[in-house]
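A.B. asks: Before I ask anything, here is the structure I am working with.
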Amino acid sequence: MGLLCSRNRRYNDADAEENAQAAEIERRIELETKAEKHIQKLLLLGAGESGKSTIFKQIKLLFQTGFDEAELKSYLPVIHANVFQTIKLLHDGSKELAQNDVDSSKYVISDENKDIGEKLSEIGSKLDYPYLTTELAKEIETLWEDAAIQETYARGNELQVPGCAHYFMENLQRLSDANYVPTKEDVLYARVRTTGVVEIQFSPVGENKRSGEVYRLFDVGGQRNERRKWIHLFEGVSAVIFCAAISEYDQTLFEDENKNRMTETKELFEWILKQPCFEKTSFMLFLNKFDIFEKKILKVPLNVCEWFKDYQPVSTGKQEIEHAYEFVKKKFEELYFQSTAPERVDRVFKVYRTTALDQKLIKKTFKLVDESLRRRNLFEAGLL
């Protein structure tokens, strides 16, 4: 009898423990669900090369702990790959221009640098790039300074030369040092194509301040073959941050050299605006790469882009830059309202001028985004 009572007590104790564990699990699930409700999801979208991944890295630097030494070191092979890819593009581009351009002679690499060029082009063709040694860096620097390569670089928009080219070419000796550890700035310039989805959680005014919202930002692969993978993220998103590289009005796609990048951006923005799951979603449009745009607009007419063919310059210098920017901004605003159902025109839509590499500007922009979304939440709660 005593044995039976003891056994029953053990069973009862086990049941009580299981019940307590189950209750604790349910409590934690409930708490996590409540916590999730206070986290606003932001979807960072844009065509390839729009600068959105640089903005994503800026958020990590600005509103999180940044990159630790291990993370910085993980970018070393990426940066070295960017260097080899860039010099190959410039070398091969100069050969192509030397064969096909009317003014072909200025694209002919000097005899003393031809062997170096062929060697570096071969390295750039490999899947596994070597470590950037001091010797290789000197050879790359020699080729970079060749007049033909500089002429080719001036036409980089036609050759898919990445925006990081000049920065890395001017820092070759530092990048090839045996003890080199990438800096935060190096990481911002590093170009690695986003595939799939990466996310980060942050608050523009700090996690410990009650007035600030907590956001979960998703960066999604921008190239065409990645877009259909976005669909599972669409539902419940508070806002879409759409990046448009306004400097790329005269460039073609990495994936399709017959397609203008600005035309692709226009079509993508229009497609996203019309998605049913975004009917109540706020839209934050980042007109990005303004730093490049303001230099290019003085050399390359805006109306070379089919979408901007009706643009007429009215001035020169700074006035022309502002006039061109306002024209582009108006085009996107018109597209937004044309692609938005009449009953949805009251959803939040803001346009920001951005330069992804400008940390102060990105910090200011995200605080403005935070303010807009908090005001919307207060309005929907009937508090405004």
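Cβ atoms are placed via backbone N, Cα and C, with glycine included.
The shown structure was predicted, so the numbers you read here are calculated from the model rather than taken from an experiment.
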A.B. asks: When Swiss-Prot marks a stretch as region 'G3 motif', which of 15-24, 215-224, 325-334, 365-374 is it?
C.D. replies: 215-224
A.B. asks: For the annotation region 'G2 motif' in Swiss-Prot, which listed range does it cover: 78-86, 186-194, 303-311?
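C.D. replies: Result: 186-194 is the stretch Swiss-Prot calls region 'G2 motif'.
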A.B. asks: According to Swiss-Prot, region 'G4 motif' applies to one of these ranges: 164-171, 268-275, 284-291. Which one is it?
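C.D. replies: Checked against Swiss-Prot: region 'G4 motif' maps to 284-291.
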A.B. asks: In Swiss-Prot, which of 30-35, 120-125, 354-359 is tagged region 'G5 motif'?
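C.D. replies: Spelled out, Swiss-Prot records region 'G5 motif' over residues 354-359, not the other listed ranges.
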A.B. asks: Most Cβ neighbours within 10 Å: which of the binding-site residues Glu49, Asp291 is it?
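C.D. replies: Neighbour-count leader: Glu49.
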A.B. asks: Gly51 (GTP binding site) has how many other Cβ neighbours within 10 Å of its own Cβ?
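C.D. replies: Its Cβ shell of radius 10 Å holds 24 other Cβ atoms.
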A.B. asks: In this predicted model, what is the average pLDDT of the domain 'G-alpha' (38-384)?
C.D. replies: 89
A.B. asks: Mind checking which residues reach the region 'G2 motif' (186-194)? Cβ under 8 Å, same chain, six or more beyond either end.
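C.D. replies: The answer is 48, 52-54, 57-58, 61, 67, 72, 75, 78-79, 82, 162-164, 167-168, 171, 175, 219-223, 226, 356-357.
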